[in-house]
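Asker: Structure below; questions to follow.
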């Protein structure tokens, strides 16, 4: 029942995606699609009186460019990446920037709300801790401890300022928010309001009064609280002001004190302004000790309010009215937003990137004469090259050592330092080292994309969203975090400084511990910043002590990530004690090959790659348990949840599995290499073998379930021809063994015949001679066929095919009646060319990709398993899937190549679900053979010949313009089905990771929705030789005698001396028969990896009545016209066809379930 519900959940997700598949996401989601009345009038007139196109004279058409056009071309050449890039940037800026009409609406809303706030009356004075007078309106700040001194009285603001990106002209859509700052008059404050959150609580109450009055007096209903940049100490009020028929204008109201209320030096980062005894409600203690611990974050939070006007004025004066600077900042904001780097607490905000641009202007690194592209590129360049964690940036032109803190002093409290114009505020106080490292990493990638002229760098930088779960190779959640972890680390002072926010106070320490534990295994470690919460003004703020799980992402370094041993210092060295203190009892002494005795930490005893992928998770779990007290069960890693789909049980009596198949691939390839050596040493062959190349998927590490060695079955007998014959066949289908194709190309010779029939006979003779030589020299069992021979070696069945390139030309050869010889492509020739040239070459290339990227094999097999589970494997060939997955590794932008199957699978789903298959070919640069000219040529020819090209067009250096792997499939409906399934599966996968679902829940991604099919043909379990490969396999239903071990056939007694039953899969054979006979009536869908049913979908064209002819009678019945006409037509006889399914599948078909009401009499 649970499985059914999970499958239905995926179906619902897919259905909802189908409804929305026609509407694409755009930046201009801001309610600006309306046109002015005048424009509408013009449009109406244009319908009634269409204008004639003005005829352009030949002289005008070929006139020389004007000076303005020449200047624009010169600017494009000097100031932009390319002319196309300039057009794309211009279009993007036009989409994301505020239109004049919307800007006018926004200004009117700002003016109206400002007048409302100014009209508010002064209130009576209340005790600060008594807030009953607010009635049902809540203060937007945590008030623990409740006891606090002071009084509060609301006084109308001294001033209302409009600040932020709206004023500087750098705001971007969607979700434009205008910052409205109300200045709290000095009379609202009392002496020592800087201490113990008194200022922060008065600030929150001031906003609460504004919310109460706007709601009660002016009738505004859409009012919410949020945290300014995610900082729980700085709430703000969101007002969605109605704007007629247009989308409401969003205003973010914050409050700051009037100038002169507090001295800036009072909030020096080394001073204490929150007493620990007060905050933790401790008893009496040493007051000097209580004052000694500084509160830098609290101080910086208050200073941001005190210096807001000065920093805003500096930013506005520095940027001025230069449109290129504004456009450059807008591009940078889009770049950051697409990578989720601006959201929540600790985000790299738009204000910060704008201040950095201002800093570069003052340092003369950016000129006002630069284009928007040059501004963006220079900022990204300096982001990548500078290191704010070591060399602080400062906007302060003068430094007073007696008043202002030294810029380097900020490093004692903050990981990243960027000092504002006053010299007191660190603009990066809430940015963690992990996020800053991520920003630098993204900047470095962006430069590489811009320098690569053969790729679409615009799409990689600005159009493709880089979601957290698709970016990082390993993600994990730290659950059930409480104040206990704060006490374990001894950071109570930091807990006080952050106002009791557990996650924010723990963030830097968790990052430091994880980074130290992982060391060189990772390139970037980032704690994901959560979006700032929003809540109603009548509700209490979110509880910061019962926080959501902390999500952490690891970007792996493939060179060191999968090492199973961490080597420490020598046992007698001083560093050994520190090493032992960090790793604890996990460390042990080991002697290495060089004779040294060192401390070492082993992580797994198994050499399986699937176990090595878990090493980073085990490191994190151990470090957090030892140093923070977080139990391993509370650290949920997302890296191996999909591994069970690639694991195959070895026997029924235990839970042993052969990993995820990489090791078995290696074993098969080892046996293949041995066979190649033996074939090259064969004697008595008329022609020598020129090259040998395996073409089966296992040789390119892409067989979903690589074959295990066949074993002898005592219940079987061997016939005279050396073949395994199963007894008691009706009881159980024999085990499945696949043959492995090997292509052997012969050396050239001029003695080959020019006739195709003679060539085929001669090739058959070659195969006979090859079989005799193998049997004579090596004694292997050999079976001969006209076009191949089958050889058993080390219990694997290899299918050796002799090929000769001239055969392709002979197959294309056509003789005209006049006796002329022409060469014309035909299906047979194209198939032969794919088999003896294309497939071996592709196998060699993909094998090389696997050697560079260890996760390629598991990723491509996981993808193929998903496509088969969705019943689409018959319509998307394996080679096409492998090429698409290769694209993820060869063209990973905007990411780095995936290092884990989980993230590779996610990126595949996104690529298939979001690629524009209609208008863009998917170009895969295998072996880096494409040039920039090739990309332009392929795209241009594709656009010219789109109507005659395959729907899913894959272009490789070996197949630029034909897309031979997708020439016939998938069709348009099936491609759309694949796209919709990919989008739905990606949404479900992201939700499962976000919710921290258990491992079994991930299998729902591989359970297809069956509601759309007309018939379900259920198969008898006993006749399914591959049922142990099913998604929901049941151990009790596995064959009694399944393969007993992985592949150690070094003992000669274990080697088979006869042929096992191979390539025998009754459901696949039944499928082929159904497609051959009834392919005109229906589509048939089957999961070849242990599928338990065949789904049938009637073709709509099959129900069209046809004329009564003998050739039309198969599967049809006669139907006379109701009008009494003598015309007789035939229509499908669905009941008879279903009966034929039962008859053809007798012994294999269990029963047939009719789902749709299409069976008509």
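Placement of Cβ uses the backbone N, Cα and C atoms for every residue, glycine included.
Here's the feature list from TrEMBL:
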COMPBIAS  14-39  compositional bias 'Acidic residues'
COMPBIAS  49-62  compositional bias 'Basic and acidic residues'
DOMAIN    178-318  domain 'Nrap protein'
DOMAIN    325-464  domain 'Nrap protein'
DOMAIN    469-628  domain 'Nrap protein'
DOMAIN    652-851  domain 'Nrap protein'
DOMAIN    853-1008  domain 'Nrap protein'
DOMAIN    1010-1152  domain 'Nrap protein'
REGION    1-66  region 'Disordered'
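Looking at the shown structure, can you explain where the listed features end up?
Answerer: On the 0 to 100 pLDDT scale, the model's mean across the domain 'Nrap protein' (469-628) is 90.
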Asker: Per DSSP, what is the residue count of the domain 'Nrap protein' (178-318) in each of helix, strand and coil?
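Answerer: Counts, helix then strand then coil: 61 helix, 33 strand, 47 coil.
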Asker: Which stretch from 178-318, 652-851, 853-1008 shares the most C-beta pairs under 8 Å with the domain 'Nrap protein' (325-464)?
Answerer: 178-318
Asker: As a quick check of your reading of DSSP, tell me how many residues in the domain 'Nrap protein' (325-464) are helical, how many are strand and how many are coil.
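Answerer: Taking each residue of the domain 'Nrap protein' (325-464) in turn, the totals are 73 helix, 5 strand, 62 coil.
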